[in-house]
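Encoded as structure tokens, the structure appears first; notes follow it.
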Amino acid sequence: MDSISSPFLSRGNLILSPPISTSRPPISTPIYSVLTEQTAKKNTPPPDADSPSPSSLPRRSPPSPAMARVSSTRRVEPSLPARLFNAFDDLINNFINPPISPSVDPRYILADNFAPVDELPPTECEVIYGSLPSSLNGAYIRNGPNPQYLPRGPYHLFDGDGMLHSLRISNGRAVLCSRYVKTYKYTLERDAGHPVLPNVFSGFNGLTASAARGAVSFGRILTGQYNPANGIGLANTSLAFFGDRLYALGESDLPYLIRLAPNGDIETLSRHDFDGKLTYSMTAHPKIDSDTGEAFAFRYGPLPPFLTYFRFDKNGAKQSDVPILSMNRPSFLHDFAITKKYAVFADIQIGINPTQMIIEGGSPVGSDPSKISRVGLIPRYANDESKMKWFDVPGLNLVHAINAWDEDDAVVIVAPNILSVEHALERMNLVHGLVEKVRIDLKTGIVTRTPLSTRNLDFGVIHPSYVGKKNRFVYAGIGDPMPKISGVAKLDISQEERRDCIVACRIFGPGCYGGEPFFVPRERESSDETAAEEDDGYVVSYVHDENSGESRFIVMDAKSPELEIIAAVKLPRRVPYGFHGLFVKESDLNKL
């Protein structure tokens, strides 16, 4: 079933670059200078008539010791308060709370292709295998963490500044552009020339570290170094297109409005609050109903109401909040699902627990094995939570939801259940995602669960027109281990009587890893053509070869029994591993 060879991997003449060193830099070494030594030559695309001139490409010289990363021409001398609090930061990071654990040590977290890269202006790419189908005219954009500066202390994979990697495709040609999301945090620290805001996921482990970093943050606020009212988010998780607008998302802040220029460049327009109707934050996983054009979303946090549900109409106008007060303690709600009738929330065994941080010295976000997981259903057009229903589902820990739908007097959910949930945020390589179909009988309250595959799967996607409706096919990343994705598996979830629902598989090859796959439906060539089948389309992903140091964009035939690669684009420099992506067709890009 596994197809190990692929057209572009088997052609040795296409593997040109030397491998990236796997040695880890000392903690005091700027990441950017290490990357420069290893990638300066292979990151510079060959000049041609359509490519930017060498002078317009990102700077390849190492930065000065004063700045680990330079992304702006503006340099300011730190003020006396800034130098004082930077010194306190160094004291905390070196003596009070150094990155002892490998799970927060940047030398390990940012090794190999997890290491950040500099911005890249629009750069022409070479199609090295096959041809890009016309259905891909538009842009594939993937979000992910890319820290602007070398972390001074503990660092979690989720702590990096958001960077968008966009491949603009038009009539068989491809242009790659990589740009930071210009968040308040990013621009503030870029102009300051040093980190200002603490790392949220890794900087508050234990009472002493939390008190020390909290005091420094409070001092920076008092001295005017930053204003938390302007947002502290990273916008590093995903993207969404609704109401004819494109957003970069991170669940700790408001969305950031994004635009793609005709030449493929990426522009951050603004931090968007929907005419003042959206406060604090929003999930990075809104659900868009392709039939109605509506978007459904939520926010969660450490203070009541711990969960708030809301939606946007087809024009992108935000509707009223629906506080969910029956969520009686803070929980980690990264994702959710919708059906045509309900919004579906999973209250899992990962929660926000400051007591654990104080007593045990751990992270304020962690697992609670004594907690009984439950699934909540609320009518998707509810004005309040009076009709919210909760169902106990012990041991069910859904971090990502694939889909859900209504079925007679039941709701069906398809999602990977995270086993060994205690490792979900700190030791992701020990996590196993077991894709399950969960059926909740609304009359009897009986919950039945059916495993769909024993393989380690996550980042599952479907045909976007089937969100909230019964679907048949799922395309999921194969963890080897997570968060590295060694291939893509296609599941036929209508065949749940099978021992394993995987019906097609593509393994990228030894030392080759990708990310979340994305399904792009094939467009009908004429109005007379019959409606396409659910799996008639393409699965796309960035893939990095750790042996050669090269990255590529690959296009797979979603209907083929081996997810055959029909096109491959050689990228002008490596694209780091990241999180979630989105394909935006040309007609939608023209609306931005």
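Heads up, the Cβ atoms here are built off N, Cα and C, so glycines get one too.
Taken from TrEMBL, the feature region 'Disordered' applies to 1-74. The compositional bias 'Low complexity' annotation in TrEMBL covers 14-31, 50-59. Among the features that TrEMBL reports, Fe cation binding site is placed at H285, H334, H400, H580.
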In sequence order, which same-chain residues at least six apart have a C-beta under 8 angstroms from H400 (Fe cation binding site)?
H285, H334, D335, A415, P416, D458, F459, G460
Excluding H285, H334, H400, H580, please set out which residues of the same chain place their CB within 8 Å of the center of the CB atoms of the Fe cation site, keeping sequence order.
T237, S238, T283, A284, D335, V399, A401, F579
Return the count of C-beta atoms lying within 10 angstroms of the C-beta of H285 (Fe cation binding site), excluding that atom itself.
20
Just to be sure I understand the packing, how many Cβ atoms besides its own are within 10 Å of the Cβ of H580 (Fe cation binding site)?
22
Count the Cβ atoms, other than its own, that fall within 10 Å of the Cβ of H334 (Fe cation binding site), considering every protein chain shown.
18
